[in-house]
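Residues or ranges marked as domain 'Cytochrome oxidase subunit I profile' by TrEMBL: B:24-567. Sequence annotations record features per position, and here TrEMBL assigns transmembrane segment to B:41-61, B:96-119, B:140-164, B:184-204, B:225-248, B:293-312, B:324-344, B:350-368, B:389-410, B:422-447, B:459-486, B:506-529. Residues or ranges marked as region 'Disordered' by TrEMBL: B:572-604.
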């Protein structure tokens, strides 16, 4: 039975690796079982994921094969040689402490730039001031309220544009968003943008990205926010700068119209 | 069993020949014998394991066949909805699944059941340092059972703000159904679990430091005991923080304080009165305990696996001292890595970088342990017994869980995979593939000592094979869902275009999960059949070295029928000094003491 169990343990790393390769290549029937399409300029998160995947994959396969081989060879039923009576080896201990330490240190340093880019280096204007947010996104049970500052670039003034669950951003520009919550925790998650930020009541936060591909993509809430958490669905539209401005104007005009009609109805 | 008679409390069963109700209660119910308490913990936690597993099936049902009638159970539970799971019920399901598995299964089965049973036996003591405190540590779990269990039957049908109980959702009954009375009961139960663990941890530390048999130096302790000892230390230092945080949340809910609730919140279109607090404070306090708790849930398992591997490889544990240092290293680093749960929480990104480096470093002692386990089986004479198979699968599964941890330690990658199924895959590999597999191995291994009988090997192997296959079928595929960004805790992920095509894989996982739970029937049958009808085990059926194997099976009150004196470490298998391939810790050097009964044949 030793042979059977060794092969069972070997089948696991083989199947595991195969599933990852199958999914990443998008082969039938696992099309779409990998990262959603990337639509921003910064691919550092995907890159880092692959670096770690190669590294861990190597260790995973290596450990799996070593374990299989030991189980196969040293099966007590078939192995007739002497037992290796050893309490350990200083040299081996040093080797398998130092090598992982070096790799881990490399990884820790290697990822710092991507983290700084995602969370610390907010885009700047030419005058050295931080770039103002293009819109404010407010989470509430169970919708995303979007607020555009209007021509005066100031929030909470009469020319603000309000929408719900519908965010438009211009392509090929660094977009900064201000995000906040008015009730519980939410999480602003854009899978295609590799962007996620918890939305915390009482805090004002900024995220940024540079979309490079037109289209409509999901805005997902990734933090449990109550029974209706699953329905908190928004949509982000990436379009050319001119389309974006045209949309802003159209949406603003519609808002004005509905406000006037509301006033007339009263 | 609602009251203790004064008679029952005062008398000692082992000295009395009369066996009345009082004697029965003090021997089997309100016992101060560490072995009885250990077995009480074992039975209670296994029962809750079943409850937790069934809750998981509810979650998986909804993800595979959303908003469809649940056969049999559906009409019984939610006839109003026509047998469908409602979104409110779904949030309760995953909250209570995690709560039950963490606080009522994994932590108490390792520390409560195995800690209690094994610590005095393995160090050569006759009982715990504080037997009455030990008894109380079990009975304080009953209010926890009552409040967790009872919360299913009050408004909201159970707490439903996630097992992490993040405020403001959890602080305000207005914010979600199920964060009313059920959430209050959840917090009270959590406090009871905390008190129980604290009583246990004080007892374990004192017992291990003070009550070791002559010759049992710290560096001759079995790895199981090292795991339990460091776990007790972790609990003693981290648990008060969670208990305090739980109290603060309780006062936020009941007395209108505002520790975790910021000002100016608008819930259900009305402004909340309380305010001035900070939701992130809860996350810091919660993870300050709950990250070390991850190690509380794995270190004893690592210890037990080390013992099992060495025993069935019939050779010494490779690198005993580095293994001990690795456990200490994991525990030490375990205190400074909680922030990696908060990389996208809004915490200062500079602080995130610090936590990232610390989290990365924790991979190091984990790697040392893995390589040492491989070193242990290298060059041995491996016996493929059921406990050995579970221990080997622990190593392989822990490798997956450990390696996938590196992805989330990397702060930028965590931005994408945080709160997705990649995380769910990771912690199920550590906690089911790892800890639960080790627990099964430990039950098969120490069962002969606990009940004096052997478990059935072929049934055990079928149980292992099915559990291994379906466990991987359920959890490995979660990595792939995580790569798509599939979020946790969504009652209907197919509401989003991005995740709509993932339904078939979810159905595959659900079928695997149902079969995994069903496979446990082999274990349940084997366990109960063997308690009564298994072949009698001698003192030392596995030919193991530890002190516990020198005591009778099962040991009587007071454990040993002789004073154990320890001459060597517990891993002297295949020693050239003796003819046999084992060399018990109590056997004087170079003279073969015959304390052993003829060993029962074990089918390998």
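Any Cβ shown, glycine's included, is placed from N, Cα and C.
In the predicted structure, the domain 'Cytochrome oxidase subunit I profile' (B:24-567) carries a mean pLDDT of 93. Note: the stretches the transmembrane segment (B:41-61) and the transmembrane segment (B:184-204) are not in contact (fewer than 3 CB pairs below 8 A, sequence gap of 6 or more). Packing against the transmembrane segment (B:225-248) from elsewhere in the chain are residues 110-111, 114-115, 118-119, 122-123, 187, 190-191, 194-195, 197-198, 200-202, 204-205, 208, 257, 259-260, 282, 285-286, 288-290, 292-293, 295-296, 299-304, 323-324, 327-328, 331, 334-335: each is 6 or more residues past its ends and has a CB under 8 Å from a CB in it. Same-chain residues lying 6+ beyond the ends of the transmembrane segment (B:184-204) with a Cβ under 8 Å from its Cβ atoms: 99, 103-104, 107-108, 111-112, 115-116, 119, 128-130, 133-134, 136-138, 140-141, 143-148, 150-151, 154, 159, 165, 228-229, 231-233, 235-236, 239-240, 242-243, 246-247, 249-250, 253-254.
Tertiary neighbourhood of the transmembrane segment (B:389-410): same-chain residues 298, 301-302, 304-305, 308-309, 312, 340, 356, 359-360, 362-363, 366-367, 370, 373-374, 377, 417-418, 422-423, 425-427, 429-434, 437-438, 440-441, 444, 461, 464, 468, 476, 479, selected by CB-CB distance under 8 Å and a gap of 6+ residues from either end. Nonlocal intrachain contacts for the transmembrane segment (B:96-119), taken as residues 6+ away from its ends with a CB within less than 8 angstroms of a stretch CB, comprise 34-35, 37-39, 41-42, 44-46, 48-49, 51-52, 55-56, 58-59, 125, 128, 134, 137-138, 141, 144-145, 148, 151-152, 158-159, 162-163, 186, 189-190, 193, 196-197, 200-201, 204, 207-208, 224-225, 228, 231-232, 235, 293, 296-297, 300-301, 304, 431, 435-436, 439, 442, 446, 450, 548. Listed as Cβ neighbours of the transmembrane segment (B:324-344) (distance under 8 Å, sequence separation of 6 or more from its ends, same chain) are residues 219, 223, 226-227, 230, 233-234, 237-238, 280, 283-284, 287-288, 290-292, 294-295, 299, 302-303, 351-352, 354-356, 358-359, 361-362, 364-366, 368-369, 372, 408-409, 411, 414-415, 418-419. Only residues 6 or more beyond the boundaries of the transmembrane segment (B:459-486), in the same chain, are considered here, and those with a CB under 8 A from a CB of the stretch are 60, 386, 389-390, 393, 400, 404, 416-417, 420-425, 428-429, 432-433, 437, 440, 444, 493, 498-499, 502, 505-506, 508-509, 512-513, 515-516, 519-520, 522-523, 525-526.
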